[in-house]
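*Asks:* Taken from Swiss-Prot, the feature NAD(+) binding site applies to ASP32, ALA33, GLU34, TYR35, ASP36, SER81, LEU82, GLU113, ARG136, GLU173, LYS290, LYS314, supported by sequence analysis. The active site, N6-AMP-lysine intermediate annotation in Swiss-Prot covers LYS115. Marked as Zn(2+) binding site by Swiss-Prot on the basis of sequence analysis: CYS408, CYS411, CYS426, CYS432. Summarising the annotation, Swiss-Prot assigns domain 'BRCT' to 593-671.
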Amino acid sequence: MEPIEQQLTELRTTLRHHEYLYHVMDAPEVPDAEYDRLMRKLRELESQHPELITPDSPTQRVGAAPLTAFSQIRHEVPMLSLDNVFDEESFLAFNKRVQDRLKSTDHLTYCCELKLDGLAVSILYENGVLVQAATRGDGTTGEDITSNVRTIRAIPLKLHGENIPARLEVRGEVFLPQAGFEKINEEARRTGGKVFANPRNAAAGSLRQLDPRITAKRPLTFFCYGVGVLEGGELPASHSARLLQFKAWGLPVSDRVTLCHTPEEVLTYYRKVEEERPHLGFDIDGVVIKVDSLALQEQLGFVARAPRWAVAFKFPAQEQMTFVRDVEFQVGRTGAITPVARLEPVHVAGVLVSNATLHNADEIERLGLKIGDKVVIRRAGDVIPQVVNVVLSERPADARDVVFPTHCPVCQSDVERVEGEAVARCTGGLICGAQRKESLKHFVSRRALDVDGMGDKIIDQLVEKEYVHTPADLFRLTAGKLTGLDRMGPKSAQNVVNALEKAKETTFARFLYALGIREVGEATAAGLAAHFGTLEALEQASIEELQKVPDVGIVVATHTFNFFAEESNRDVIAQLLAEGVRWPAPVVVKAEEIDSPFAGKTVVLTGSLSQLSRDDAKARLVALGAKVAGSVSKKTDLVIAGEAAGSKLAKAQELGIEVIDEAEMMRLLGE
């Protein structure tokens, strides 16, 4: 066999292997970017040697074989995939090809949409009633998932409105919002079930359940983006108008569909969506650009596996492959031991990544990770990079097991893991330098006592020099002692002392949050402060009484009760009060008695806020008598929508729930 033939054979074999893992096993081994790279390489070689193209080459078809666990459905109109572009130059080349083929571009308009990262499906309606649903499969034959699709609430079982075709096959994407993905994995970790690497895998695994009752428990949703079969009816002559028609018939359509009349407008749309991507609430991996006119689409036609009139403009990969060089263990403020993978540095989503969290011992076991392994790293938005998969087929012979410590790597105290918890913890408490540092950093942080100018490096030095052991020791510092720290002159030292004095005047809620009670965030601290009013009342509260606070369950109540039952914690609180930490006398008012537009209401925040942090907004709302929930339901009274609000806003509008923007929230807060 000639070298070029050998190379082509190996590439095709590798691609088929990855297609099988992706489409059939729902367990991809490499990120999409690596698959795309291999496919581009194969196409390039085949274009140079067209005589060596085989009918079964991955470039000549859409995907892999369908699952055999479901009955098979042959698509009347093939479900083709799209060609990809990865940079502006490639998109402009696509635009030029379109213009050259059309000759006249006077009426050329692009319809731009989100490229959803889920599972492509076709749904057939006969006389407006859902009768069949199928996966894409290999583009020609898919799997019958009708029973499962019927459980997805976003998908109407019957269309409504006028002029519905006798047979209409719509196409779209089933996907899992980020909140639903986190909920599924949280439950899986609690029960010992399967933990999914990403929302796409979770959506695929949920949709391909043989038992529809399991699918029904998964919060899947759907956006419609196209049509296959059309009989006994008519549709508008443009893609964008068709989407509006689908929406009128009750099919969910993304609200981020935009018409662009120039290539420059398309690039602006791409950049805007990329900026909003972390706040959407669901995963996308690019934008889809389609010629809007159906007549022009027909004129442009198709190539072997994709239309000439559309392209997927993909974002920089959020997943990349690299090697694990070592695993180290960090100690948090509550003693949690967190394994961290030290990586061969790699660029992911535009950022150089050299570390990734491994969460806990269970996660290492689930991944089957060893030191030396080739792994897939994922970084989405501001999320800490994490290892999502191990490329087992490329494990080196000298790979070493990860050994979880039995003693704290900082203070050598015993490490214990409470039954039922995933996290192992150092038992050293404040004798552990790492816990002491992290507790003090939390205490002075902006959302706690907000000590201006006291950064992490100052805290590190204060602990290492043994100037500070408890939070109360901070208020005993003098400018003279602080000048003994690195890069701390007399003026800077006095500024820190002044900031500490200013920080003594705080609020009860901030003080509670600063104490660092396990599971007590800002909103919970605000709820506890509002409910009990005084420190004395909170210290004396039973677990049962604590659970009467909105959103405080048995876990938070137990941690709070145990914190105040610990004599050393009460001593630290007494010392803080003795040093002059104080807050205004409480005015305890029941929620129904609070004169506030938020009192007694269940409120949901969505999107990004520009004037307050999410936690600050929650705390303010709770203080005014609101209950802040994490998801929209029929019990929700009000949704506050910031920039790039996603699926929560859409659901609120669907349910007819009142929606206000950030400016209106600030006005109602009295700002």
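Any Cβ shown, glycine's included, is placed from N, Cα and C.
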*Asks:* Please tell me which one of the recorded positions listed here (LYS115, CYS408, CYS411, CYS426, CYS432) sits closest to LYS290 (NAD(+) binding site), measuring Cα to Cα?
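*Replies:* When the Cα distances are compared, LYS115 comes out closest.
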*Asks:* Compute the C-alpha separation of ASP36 (NAD(+) binding site) from CYS426 (Zn(2+) binding site), stating it in Å without decimals.
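*Replies:* Computed Cα spacing between ASP36 (NAD(+) binding site) and CYS426 (Zn(2+) binding site) is 44 Å.
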*Asks:* For the domain 'BRCT' (593-671), what's the model's average pLDDT?
*Replies:* 82
*Asks:* Roughly how many Å lie between the Cα atoms of LEU82 (NAD(+) binding site) and the residue listed as 'active site, N6-AMP-lysine intermediate', rounded to a whole value?
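*Replies:* Per the Cα atoms, LEU82 (NAD(+) binding site) and the residue listed as 'active site, N6-AMP-lysine intermediate' stand 11 Å apart.
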*Asks:* I'd like the per-state residue tally for the domain 'BRCT' (593-671) from DSSP, helix first, then strand, then coil.
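*Replies:* Counting residues by DSSP class gives 27 helix, 18 strand, 34 coil.
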*Asks:* What does the structure give for the C-alpha distance between ASP32 (NAD(+) binding site) and CYS408 (Zn(2+) binding site)? Integer Å is fine.
*Replies:* 38
*Asks:* Using a 10 angstroms cut-off on Cβ to Cβ distances, just flag whichever of ASP32, GLU34, ASP36 is the loneliest among these binding-site residues.
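*Replies:* Taking ASP32, GLU34, ASP36 as the binding-site residues, the minimal 10 Å Cβ count falls on ASP36.
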*Asks:* For CYS408 (Zn(2+) binding site), which DSSP three-state class applies?
*Replies:* coil
*Asks:* Give the sequence-ordered list of residues that share a chain with LYS115 (active site, N6-AMP-lysine intermediate), lie 6 or more positions from it, and have CB atoms under 8 Å from its CB.
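*Replies:* Sequence-distant Cβ neighbours: ILE284, ASP285, GLY286, VAL287, VAL288, ALA312, PHE313, LYS314.
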*Asks:* Of LEU82, CYS408, CYS411, CYS426, CYS432, which of the binding-site residues has the most Cβ neighbours inside 10 Å?
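*Replies:* Of the binding-site residues LEU82, CYS408, CYS411, CYS426, CYS432, the most buried by Cβ count within 10 Å is CYS426.
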*Asks:* Rounded to a whole angstrom, what is the C-alpha distance between CYS408 (Zn(2+) binding site) and ARG136 (NAD(+) binding site)?
*Replies:* 51
*Asks:* Measure from the CA atom of CYS426 (Zn(2+) binding site) to the CA atom of GLU34 (NAD(+) binding site) and give the result in Å, rounded to a whole number.
*Replies:* 40
*Asks:* Using an 8 Å cut-off from the Cβ centroid of CYS408, CYS411, CYS426, CYS432, can you name the remaining same-chain residues around the Zn(2+) site, in sequence order?
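*Replies:* So the additional residues around the site are VAL331, GLY335, PRO409, VAL410, GLN412, SER413, THR427, GLY428, ILE431, GLY433, ALA434, GLN435.
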*Asks:* Rounded to a whole number, what is the top Cα to Cα distance in Å among the residues the record ties to NAD(+), namely ASP32, ALA33, GLU34, TYR35, ASP36, SER81, LEU82, GLU113, ARG136, GLU173, LYS290, LYS314?
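*Replies:* Max span of the NAD(+) binding residues, Cα based, is 25 Å.
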*Asks:* If you run the three-state DSSP split on CYS426 (Zn(2+) binding site), which class comes out?
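*Replies:* Its secondary structure by DSSP: strand.
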*Asks:* Express the distance between the Cα positions of CYS432 (Zn(2+) binding site) and ARG136 (NAD(+) binding site) as a whole number of Å.
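*Replies:* Rounded to the nearest whole number, the Cα-Cα distance is 55 Å.
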*Asks:* Please report the Cα separation of CYS411 (Zn(2+) binding site) and ARG136 (NAD(+) binding site) in Å, rounded to an integer.
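*Replies:* Cα to Cα, CYS411 (Zn(2+) binding site) and ARG136 (NAD(+) binding site) are separated by 55 Å.
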